[in-house]
Amino acid sequence: MRFLFPTRLINNSSLGLLRSPHTTAPIRSLWFRTKSPVFRSATTPIMTAVAFSSSLSIPPTSEEALPGKLWIKFNRECLFSIYSPFAVCLAAGNLKIDTFRQYIAQDVHFLKAFAHAYELAADCADDDDDKLAISDLRKSVMEELKMHDSFVQDWDLDINKEVSVNSATLRYTEFLLATASGKVEGCKAPGMLDTPFEKTKVAAYTLGAVTPCMRLYAFLGKEFGSLLDLSDVNHPYKKWIDNYSSDAFQASAKQTEDLLEKLSVSMTGEELDIIEKLYQQAMKLEVEFFHAQPLAQPTIVPLLKNHSKDDLVIFSDFDLTCTVVDSSAILAEIAIVTAPKDEQSRSGQQIHRMLSSDLKNTWNLLSKQYTEHYEECIESILNKKKADKFDYEGLCKALEQLSDFEKEANNRVIESGVLKGLNLEDIKRAGERLILQDGCINVFQKILKTENLNAELHVLSYCWCGDLIRAAFSAGGVDAVEVHANEFTFEESISTGEIERKVESPINKAQQFKSILQNRKNENNKKSFLSVYIGDSVGDLLCLLEADIGIVVSSSSSLRRVGSHFGVSFVPLFSGIVQKQKQHTEESSSSAWKGLSGTLYTVSSWAEIHSFALGWE
């Protein structure tokens, strides 16, 4: 059991830390402990920089400047764009040419709207340098239109044939031109803009609607370009990718952001809120544009849509995969806060408990022992000969050592008595207020609500108390999750300190995983099914590899070190999907995903999982 000692105690009079999403969480993974606490937030992402670092390379932006902050804040929309069927097929190079022709025709309407919007914005700017900068941006758009003319020639698009604007294109262009004309909620009507300063706001608002598109295309170009190799010299869309990954386009995107920052620097909080809303709306409309492109070909994404005829069995770890805090820290917090402070308050209690001060010291000792012994166990595993190729049997044997360690650690916890006297209602209340990783509960909710989808959700966890997990998911309206964890034993709703030990090691997890799948096979012996496992630690490694798709969320270094030692490959999910798409054809009969391949797919947010599995709402 990966357990953590709380680093900061809360007020003795309440379980305030457990009940408020705005307080400091006393948790750290034991083998990544730091002096500073983690802050619990309902919007805390798994990674604090733009949640792509283990999968997608984000172009650098200043996190201190407004454009950088907005890009980070609305990165979810960026993910839905890059994981769109259109974008995946384009990156893979097997997008049907007719689809690309239609896209180019629609994009021309976008660019013409950009050029007009820049023209209007330049008229509103009251600074000569700003006017010149906007004029330069307009020139870049005109150059891009010329590039589209070359695309027209390369792909035999009839430029004399009038191409109707689709609804997604129309929504964005109308939004952009309305913004550039000053028709913005919270802004004076165009005819009532009395001063040059007021007109300058319109220029800033226009940049707020343009910037996300520029940054998104710069990001897509860089990401697609990074996937090209020498063997892709004949990639049909290399010219498009080269354009948007070029230094010139990256500089143009940066110039747009810099100008937005300059124009907004003197704005009030309310005016900055308007820019944020415009930025978000532009990102949303871009997502809709990508998903509106008509595709008449099989695609890898979204996963669940393509496997709607199959049974789906989806597994997830809990601690630090679904949660921001480790459940052991929560249980330790409850134990310490509710423990008697002196002999007088201890008298008459149903179950004899340690004093709070003794309990704190005991938790400190258990934490120290766990940290030291865990590191020793991992190093012992890594001291064995490194595998030349994927060695599942060798990994299983090595993890038996870690399993023995985890069981012994649980023995020490039980024998110490630190889990005695916890009230079941306090545990459930803590679970209801437990902050989950941003986007986690949305994925589970969406899966359960999707019609014509035969899916099961299972949580496999080392957590000492399954009631805590069930309460956390129930609070999010996800009652259909099957929880496989350890359980406290209770006497009249008070914990005895004993644990019903069901899942306490990597081997136990793998056994539970296989048992669930075997039962599914026995029930539906003629029907195929797809298994997905989502985890973050060494304890999840066997299940991740056994699953048809193993997704690693913001993994610990121990997971990567141990996995790599036994020949496991860690591939960014988007890169893996593009490779799968290259092999995905009309004739593809079997699933592209198979367990025990030795490959795991890395993501750094649940939003990325959502984009891949479920697609755009």
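Cβ coordinates come from backbone N, Cα and C, glycine included.
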Residue from Tyr83, Tyr205, Tyr237, Tyr244 that Swiss-Prot also lists as binding substrate with Asp107, Tyr217:
Tyr244
Measuring Cα to Cα, tell me the gap between Cys213 (active site, nucleophile) and Glu286 (active site, proton donor) in whole angstrom.
7
Once near-sequence residues are set aside, which residues in the chain of Glu286 (active site, proton donor), 6 or more away, have Cβ atoms under 8 Å from its Cβ?
Glu77, Ser81, Tyr172, Pro212, Cys213, Leu216
State the three-class DSSP label for Asp107 (substrate binding site), counting H, G and I as helix, E and B as strand, and everything else as coil.
helix
